[in-house]
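Engineer: Below is one structure. I have some questions about it.
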């Protein structure tokens, strides 16, 4: 199976900050094929034989195959899957991307409000927005340049605290956009930052949360990959770090954490979307994030870590590396996951599934959740797959940003209230 990442090699083969012509997805279709016992092997063969990219690969029966089909292969693909049920996710992927990437201009110094969340934005505008947002609440927050990416971009963070003062409470850490193409996670983590700051002393639940925790929000964990999705290839997933003796750049940063690094839940192939890297923790951005998490943990410890992804509408607990092992805190993780999902659904009716990562989505090696729990000894370590379940997938329309933020905030507030209550 050809990786989505390999498409970008048509546009760029080196890791630089230079602007590259965007890969054109005009005429590409994204088609979902639900699998079952009698067709899963054939769907896998079609993907392999036609060398097709997937957003979701069906590793076993019952899993959906979300397949990217170029114009030149549509006839062959439709012939091979004749008689199978299909769902059209994107009739013209290029058109969907053009609609999604109609960014609204942002003027630095603007007082941030709900209008920010009516559009997606450029990487540089995100930096301006975060600094402007923090500037409105200087006594209860700080904007932090957490470190530099491989290409030298800022990895931004917002640090938020309440009545006890900075670094006086156990920390909550949220990560977004570790996978470059998951734009909704950037916006949703920023929506939560905006809410925690603007609703403090206005909303009792949010005030209690901010008073009880030191909150760290990293909306763009993978800035090089994120910027690349905006200039060159919308579907890029990995970072942009070169791989020696390999034509394919990039590591999957969520397979690069130095815990349970090797296994079937990651790949040793540099051209794979799930390439784990040459060594555990050798991703430039992973080194930055591990250093930051250790520094945060050295204060009052880390009460909770959540890594926000898309898509799938899932809220998951450890482990990723094993489908049979369970942490001693499994029951608590499951309880909080259900609380999150129930509160989220109450807002817009959006259903989320919950459960351990390996059993709920797929096996994952070298991931952030397992590392945080087992190496950093974070008390509660979780991950989410935000909207949707595949109707639009990674290319989620901008009109879903605000409802995604509203429901995710509600789930998060309910979950953190339960943590405070014990």
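Keep in mind that glycine also has a Cβ here, set from the backbone N, Cα and C atoms.
As the structure is a computational prediction, the values presented were derived from the model and not from experiment.
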Engineer: With 179, 180, 181, 182, 254, 255, 310, 311 listed by Swiss-Prot as binding substrate, identify the candidate in 237, 240, 326 belonging to that site.
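Structural biologist: For the substrate site that includes 179, 180, 181, 182, 254, 255, 310, 311, Swiss-Prot also lists 237.
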Engineer: Determine, using Cα-Cα distances only, which of these recorded positions is closest to residue 255 (substrate binding site): 179, 182, 248, 271.
Structural biologist: 179
Engineer: Looking at the binding-site residues 181, 255, which sits with the largest number of other Cβ atoms within 10 Å of its Cβ?
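Structural biologist: Answer returned by the neighbour count: 255.
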Engineer: Rank the binding-site residues 179, 237, 309 by how many other Cβ atoms lie within 10 Å of each Cβ and give me the one with the fewest.
Structural biologist: 309
Engineer: Given the recorded positions 237, 248, 271, 311, which lie close to residue 182 (Zn(2+) binding site), meaning Cα to Cα within 10 A?
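Structural biologist: Taking 237, 248, 271, 311 one by one, the ones whose Cα falls within 10 Å of residue 182 (Zn(2+) binding site) are 237, 311.
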Engineer: If you count Cβ atoms within 10 Å of the Cβ of residue 311 (substrate binding site), leaving out that atom itself, what do you get?
Structural biologist: 24
